[in-house]
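Per TrEMBL, these features apply:
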TRANSMEM  12-35  transmembrane segment
TRANSMEM  55-72  transmembrane segment
TRANSMEM  107-132  transmembrane segment
TRANSMEM  144-165  transmembrane segment
TRANSMEM  177-197  transmembrane segment
TRANSMEM  259-280  transmembrane segment
TRANSMEM  300-319  transmembrane segment
TRANSMEM  331-350  transmembrane segment
TRANSMEM  431-450  transmembrane segment
Amino acid sequence: MELSSLKFYNVIVLGFAFMLMFTGFQTCGMVEQTVLKSYRNDSIVNGTVTYNGDGYTSLAIIYVVFAFANWLAPSVVSVLGNKFSMVAGGITYTLYLSSFIKPITATLYIGSVLIGFGAAVLWTAQGSFLTLNSSEETMGRNSGIFWAMLQCSLLIGNIYVFFAWQGVDTIHDKQRIPLYIGLTSVCALGTALLLILRSHPIQKLEVGDPEEDQPSEEEEETSDEAAMLNDSLDVTHRLFNRTLTSTVESWKLFLTRDMMILSITFFYTGLELTFFSGVYSTCVGATERFGEDSDKLVGLTGIMIGVGEILGGALFGIFGKKTIRYGRDPIVLMGGAIHMVTFLLIFLNIPDLAPLNKTPDSAYITPNTYLAVACGFLLGFADACFNTQCYSIIGTSYPDNSAPAFALFKFEQSLAAAIGFAYSSHLVLKWQLLILVIFAVAGVVAFFVVERKVRSRAEPSGS
């Protein structure tokens, strides 16, 4: 197989594997708060609540651990290699989903810590693997294709929720158990699919076992018993050096001017991730003015978020070369503008108390089902605008340092998501939207500054 064909094969397999894994996790995130609130009500025995797990708290723990584990993730990836790092991360996702089949407060939070670390390893390896299988010309296309395939995960589970939960007010065992058995199985299948990813010569030199760490043939021929006795010590020493080097490189990269400016954009993607993946669907389900099927609308909203994500990823994948030619900043500007309009529509349509509890209140207009679903689509499309271009600018700006760069991206994004989930259970809707508006403006401006600098550096070499 030609190298270009092999790389494209890897991108497609990677997309399918993540689509299956995140069919489990993204669907879980959309309905988690609704499911656990219902289970808490069912767990009351003699007036005492026997289950105290909270969806927002679980997600906050995940993203806190995810954020700080990103500093260690490049070291793990350098030891295990990209493929097996992703497999290890996928296993933690599968274990987390299985804990919802029979919810226990302790396993929910232990699983949250476990998946937080697994997510850091998974996404660092994914970013590095995608970069190794892309060139400057194909990075925009490949990131768009991967993103579109990944976000198909929002359709599969949410279609099931939409049809299975029609006319359901409270989520009982007969709704929860089949859903989570299915999500766990699909996630496990996606993890197994990662095993058929294929390496190529470039990866063998750059990932897992660096060439300089390998003994030469002459060294092997001259090795003696003393060297064999010290072998385990040498391996430990190399692993320690590799871990230390990866951490130092990540810190140095974080302190560069461009990365610190981009961190503002990365931080915003984490805040809006919190909103579209957990808060907005909860708000829709909690708005009683939508009628008896308000919980069913959680699934429909998730489907439309997925449609927006897929359309955005496919669009930017197809026109990836034009994106590189004309710059990434117009796409980010479009995403920021769409977000602003969407936040205004949500402010008008969804009652202020919806993030906190079910409410019979209206907002500034009578809650409109079609508008709520349309806002889901817009949230998904705008998120694709930001994330595909963040992937593209990292892949083209840091091709030789991709693992630390993607780890920093995920550190900023997950730290923001953790903060977002922490305040989501305390702030009413208008304050959450105000925070998003402020960071949206800052994120767009920050991206413009770095993108213009990247393009100015590229122009002399291209002329």
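Any Cβ shown, glycine's included, is placed from N, Cα and C.
Values in this document were obtained by computation on a predicted structure and should not be read as measured data.
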Maximum Cβ pairs under 8 Å to the transmembrane segment (144-165) - stretch from the list 107-132, 259-280, 300-319, 331-350, 431-450: 300-319
Long-range Cβ neighbours of the transmembrane segment (55-72) (under 8 Å; 6 or more residues past either end): 29, 32-37, 108-109, 111-113, 115-117, 119-121, 124, 243, 247, 250-251, 270, 274, 278, 407-408, 410-412, 414-415, 417-418, 420-422, 424-425
Stretch-level contact, the transmembrane segment (259-280) and the transmembrane segment (107-132), CB cutoff 8 A, at least 3 pairs: no
Same-chain residues at least 6 beyond the ends of the transmembrane segment (107-132) whose Cβ lies under 8 Å from its Cβ atoms: 10-11, 14, 18, 36, 53, 57-59, 61-66, 69-70, 72-74, 76-77, 80-83, 85-86, 88-93, 95-96, 99-100, 139, 142-143, 146, 197, 202-203, 206-207, 391, 394-395, 399, 402-403, 405-407, 409-410, 414
Cβ contacts under 8 Å made by the transmembrane segment (300-319) with residues that lie 6+ beyond its boundaries: 26-27, 30-31, 140-155, 157-159, 161-162, 276, 280-281, 284, 331, 372-374, 376-385, 388-389
